[in-house]
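Database features, via TrEMBL:
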COMPBIAS  285-298  compositional bias 'Polar residues'
COMPBIAS  310-320  compositional bias 'Polar residues'
COMPBIAS  350-368  compositional bias 'Low complexity'
DOMAIN    130-213  domain 'Ig-like'
REGION    256-370  region 'Disordered'
TRANSMEM  225-245  transmembrane segment
Amino acid sequence: LPWADVSLAVLEVHVGSSLVFCVEGQQAVLPAWYTRVGFSLATPSRSESMCFFPVQILSYLGGKVKVEETDLKPRIGFLHSVPGHNISMFINATQEQDSGQYMCSVNMEDDTIRQGKDIGIINLTVLVPPAVPTCQLHGNAVVGANVTLMCSSKKGKPSPMYQWQREPPTLQVFFPPAQDRARGTLKLTNLTLEMSGVYVCRAENQAGSKNCSIVLEVHSTSTKAVIAAAVLGSLGALATIIFIAQKVVGYRRRKRDSQEEGANEIKEDAVAPKTPTWARRPASDTMSKTSTLSSIAGTRQPYGARAPSDTASILTTTGSYRGPPPRGGGRPPNLSPPAVNGTPRRRQDPAAAPVASLPPSSLARAGAVPVMVPAQSRAGSLV
């Protein structure tokens, strides 16, 4: 503004409000202007207007508008054309970090400046609406129990307040102390089946509000407890079956092992079998006994004939021949024949009559078994 060379005016800067609120995303206007009180005999040759946050961000100097390199550069400017008395500034698409203190100063050459009157201060607060809150249930919703409904929003400036209510058909609004609006909690005590329903929480501040809801289902018994009991019962039954199976398998294994040990056990009190006396005699004596036994085995009986005695003749372990026991309890005579060349002779049984030889077919029908008898020499040795 051109003025005369002499000026007696007094310059002052004014602000429309020292506190400005704006919702995030909207435009904020910081109102400011300046006045010149008095009269002037001169025309002002130069004026300067500057805004700071907290560094210089916008200025008008030497007839030019200058925007400094800051995050606000693409979003700020003078609201009205300059030069002029209205030096209001705007901020588009405000963000939460734009909140703060803004200062505006005006300097005009040759004007008298009152101390502290050349600067206007405005505090900007960008309000942030609450984010969609989260509703949660803490506790076991069974008859007679107590539960707490919680509501919280992760975003909001200022911090949101919370309000719980029950939706129709049973509309119900809650108040302290059951409800804590600052913390967003609602305590429900001594639950009943009629308290089941939809509960809505509203988070709100000066910038707006958002809601969330939760369904409360009150049960007569604890479903979780029933499930836990069923699981524990199944595990107990399975453990019992495994225990019984292990016992049965162990019993069978021990029984089998004891049977095997009994079969393989060597009895300490068992008497070893005695070696026959004739087995310890010389080889010639053994050979004669063998031939004598063969001769006795070779004696034939006629088909259907019965031996004179029920007791067969036996060959003793000493090699002597002992005939049938006497009838009537008499003492048996010594029927041992004399030995020839150390070999006992076989005594003829007077009761055994010589039997004529039978054909092989008759013997086979009678069940006889053919036996080969080795020949014997006069000396008793086998040929």
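In case you wondered, yes, glycine gets a Cβ from its N, Cα and C as well.
Over the domain 'Ig-like' (130-213) the predicted model carries a mean pLDDT of 95. Across the domain 'Ig-like' (130-213), DSSP helix (H, G, I), strand (E, B) and coil residues number 3 helix, 42 strand, 39 coil.
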